[in-house]
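Noted in TrEMBL for the protein shown:
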type     : residues : note
TRANSMEM : 54-73    : transmembrane segment
TRANSMEM : 93-110   : transmembrane segment
TRANSMEM : 119-138  : transmembrane segment
TRANSMEM : 144-162  : transmembrane segment
TRANSMEM : 169-187  : transmembrane segment
TRANSMEM : 199-217  : transmembrane segment
DOMAIN   : 263-399  : domain 'GGDEF'
Amino acid sequence: MPSLGIDPTMQGVGDRRATPVGRIVRRRMGEVYRARFNAEDEERFKVYCDESRAVFRIIFMLAGSALALGLLAIDYFLPGLPADFLQMRERQVFGVMVPLPLLAAASAYLPRFRRHSEMLVTVTVAASSLMLIIQRYIGASLGLDVPLALIALPIFIGLLLCRVRWNMMLPSLVGTYLLTVITELAIRQPTVEASAYLYSYTLLVITFAGGAWVVEVQNRLTWLRRDYLRRLSSIDPLTGLLNKRAFNREYQRLYSLAQREQRPLCVVLLDLDHFKAYNDHYGHPEGDRCLKQITELLQTQTRRASDIVARVGGEEFAVVWFGLEKNSATNMVNALLEDIRRLNIPHAKTGTGANRVTASAGARWLLPQRQSSPAALLHEADVLLYAAKNTGRDTFKLD
């Protein structure tokens, strides 16, 4: 691995003192070498790539358009260039080799369409390579020698400059290479010179592909390590739920989304009743076990990707449901408290005679407007929670 410039400590390879993150990364090295994570992580890695590489894609797609126009301008000054070939070049440049890169650059520039930028860059690379192969094939019949290395230029731009993911570019890379080889065999006799052309082109493609793969491995290792560190800093170690810091971040994001799309939000703050007395009576190990049971229950109520569940205090949890109608929210909060009762976790110190763990909740439902704020919504849910506690606990208030 030193030949790749990868830090062995980061992987946990050959070092018993490797960090837990390093050991986790080591277990996933197969995915890194294959340049493909599991579906969920691959999608998040793609989003990271689209965001972090947007500037590169804009710059080099615009540069590709400028290069295509520049080469066409040079053609106008070349003496003896057949008119038919020049017209074909014009159709290719103005029909494919300028519009497609501009479209790819625009998608990378506009946040709304950025998720499509990788696909558009890949299509641009494949289409531009095809145009150059056609130029070489037709040019050969007219006695013109379009440089073979020029066909590899779009691949270089896509893989190493625009940083398209390796597995995304691989089909275009293989397809372009095979089509180029077939074209060369069709236009040239099997001579030493023809073989030298193909050998040089093959070496060039392998160099581009190999270099891009090494860069991809480095990028995936870096992303994987940062992702685990981010998760460690965002997760409550006991329950595995989001901690308060991560909840605030995700809640702000979800609130902005609801405000933008005019979808309702329901924020629920849930507090286990008399939990300090539970810990004092049964001990903290039992208290931890109780919290884990409550966590499992809460997770069954927040299975959609847009929902949030977090531990925001010792015995306090927060649940955010996105796009939920008010009647459904009422039913779900009521069902949540009933499910906690059905767990029948013994609690001899409730002071209410229930003799089992119960919870109180404050729920605030809102269709976010421009003048509303996420902090105000959270505060209102907190006020409703205390109102539920003041009415005897084991109940909820929803507004």
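These residue numbers are counts, starting from 1, taken along the chain as shown.
Using the three backbone atoms N, Cα and C, a Cβ is placed for every residue, glycine included.
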Problem - Most Cβ pairs under 8 Å with the transmembrane segment (93-110), selected from 54-73, 119-138, 199-217 - result: 54-73
Practice task
State, in range form, which of 54-73, 119-138, 144-162, 199-217 has the highest count of Cβ pairs under 8 Å to the transmembrane segment (169-187).
Solution key: 119-138
Problem - Mean of the pLDDT scores, which run from 0 to 100, over the domain 'GGDEF' (263-399) - result: 90
Handout entry: Helix-strand-coil residue split for the domain 'GGDEF' (263-399), DSSP-based
Key = 59 helix, 32 strand, 46 coil
